[in-house]
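A.B. asks: Grabbed the feature section from Swiss-Prot, which reads as follows:
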type	residues	note
BINDING	Thr30, Leu31, Gly32, Pro33, Lys51, Asp87, Gly88, Thr89, Thr90, Thr91, Gly415, Asp496	ATP binding site
Amino acid sequence: MAAKDVKFGNDARVKMLKGVNVLADAVKVTLGPKGRNVVLDKAYGAPTITKDGVSVAREIELEDKFENMGAQMVKEVASKANDAAGDGTTTATVLAQAIVNEGLKAVAAGMNPMDLKRGIDKAVVAVVEELKAISKPCETSKEIEQVGTISANSDETVGKLIAQAMEKVGKEGVITVEDGTGLDDALDVVEGMQFDRGYLSPYFINKPEAGTVELENPYIILVDKKISNIREILPVLEAVAKAGKPLLIVAEDIEGEALATLVVNTMRGIVKVAAVKAPGFGDRRKAMLQDIAILTAGTVISEEIGMELEKATLEELGQAKRVVITKDNTTIIDGIGDEAQIKARVAQIRQQIEDSTSDYDKEKLQERVAKLACGVAVIKVGAATEVAMKEKKDRVDDALHATRAAVEEGIVPGGGVALVRAASKVAATLTGDNEEQNVGIKLALRAMEAPLRQIVTNAGEEASVVARNVKDGNGNYGYNAGTEQYGDMLEMGILDPTKVTRSALQFAASIAGLMITTECMITDLPKEEKLDPAAAMGGMGGMGGMI
């Protein structure tokens, strides 16, 4: 086991604080409408330019191991805020730095760290309740646009795109961000249910100019097994041909003779048919087939429940107004499924989302909800260079998470005003069990001014003057650093999602409290490199001296 280096008391805290400040100082320059960029060196390729707090925090690793422990703990604040709300990482870092700095001053002055922590925790609980009280619902498209604009660093085009996307696919819909091909941002909306499986043979294509298969009012057969024998599906093909409608086959796979026969029948015009593989794998495939069945009022033909493909009838087939199949995707538009059954299925999947502990599973379940309920929107980010594209994608991603958070828990005045107002209200009534808890409460409430002060500092103004003016005001009155004007923050469109502000405060206070109560730090001693004796002698010089 490696030898350890141990530091106690003030020595440990001073080192830890230095690491906290290095990381937080790098992150906080990005805060606000006039925040600056940070350039991150990469081992390969061009450097990355970002204004995303968590991206900056993740890059920082310090040489001194004690300082690095402090930096890593603040990095955890940014990561947790990012995981919970997808935004507010810089605010969380600024709050953590302010609480740690104020708290360690009090500890150095002889205060009891545990009582200070209890005071900080009480202040945070009270302020969170106050934030919930001043929060208002985010319902209109205009408010969603404003939240998106602020989170994308005052980029109005991003705010507008997100608002349009939410309008098209609903607040529960899936909105994804992808690289665009041009200089401008674009929004693509996929209506109906789309899954990532394309046609099994290019011979099914009936729109050669677009390279797609389009079926109008088709029957849809859903099969939970491989089809390799054409005799299995022949009765269904004959019934569909008599009905004079096209057929879409969705199966685990269609192989050999069966696929060849389908292609020949399509090319001869005997029956209009297309085949695709079922989406997903294993249990997820079964669930998605059932989703399609409910959407199209069909039945999944599965041997597990004693059904045979040869005996399938038209009543067991689903139907839709239109199906479009490309090389990579299949889209089912306007399935004839019963609205009540679709809603029940959506409710069932939402319950699974609540019960799930895996982020990956939650994401996949959320996609299924969107496909059943509303559709999918894709924001394509345009930029002149790859570096600019990456930076913009980060901002769009932040804005997207912020708007979701705003829809979920509402909005509060932005620009750090909500925390200042909530802290002022709490300061008038909240007291601790002893004097040291009162100090903890006061230092936490004082630290809540830090985001406002940092936004103002980054805008090149005097933080103390602006903070005093804002505190003298009431309600939504605050300072717009973008225009350098005072006024009603909500009317000026400066909004923050309540969830983002709340999460930032809770995670910052939680980890700052742990750091304030730290008394000992332990790390590995650096290993001393032992010199190889032969290397030290410089080798034998090729034994040239022996000749």
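Glycine is treated like the rest: Cβ placed from N, Cα and C.
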A.B. asks: Could you list the residues of the same chain, at least six apart in sequence, whose Cβ is under 8 A from the Cβ of Gly415 (ATP binding site)?
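C.D. replies: Non-local contacts for Gly415 (ATP binding site): Gly32, Leu452, Ile455, Gly478, Tyr479, Asn480, Ala481, Met489, Ile494, Asp496.
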A.B. asks: Taking the Cβ of Gly88 (ATP binding site) as the centre, how many other Cβ atoms fall within a 10 Å radius?
C.D. replies: 32
A.B. asks: Largest pairwise Cα distance, Å, within the listed ATP binders Thr30, Leu31, Gly32, Pro33, Lys51, Asp87, Gly88, Thr89, Thr90, Thr91, Gly415, Asp496?
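C.D. replies: Output for ATP binders Thr30, Leu31, Gly32, Pro33, Lys51, Asp87, Gly88, Thr89, Thr90, Thr91, Gly415, Asp496: max Cα distance 17 Å.
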A.B. asks: For the binding-site residues Thr30, Thr90, which one has its C-beta crowded by the most other C-beta atoms within 10 angstroms?
C.D. replies: Thr90
A.B. asks: Applying a 10 Å Cβ distance cut-off over all chains shown, what neighbour count does Lys51 (ATP binding site) have?
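C.D. replies: Around Lys51 (ATP binding site), other Cβ atoms within 10 Å: 21.
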A.B. asks: Three states by DSSP: which one describes Thr90 (ATP binding site)?
C.D. replies: helix
A.B. asks: Within 10 angstroms of the C-beta of Gly32 (ATP binding site), what count of other C-beta atoms is obtained when all protein chains are considered?
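C.D. replies: So the Cβ neighbour count for Gly32 (ATP binding site) comes to 27.
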A.B. asks: When DSSP is mapped onto helix/strand/coil, what comes out for Thr30 (ATP binding site)?
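C.D. replies: In three-state terms, Thr30 (ATP binding site) counts as coil.
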A.B. asks: For Gly415 (ATP binding site), name the DSSP secondary structure in the helix/strand/coil scheme.
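C.D. replies: DSSP call for Gly415 (ATP binding site): coil, neither helix nor strand.
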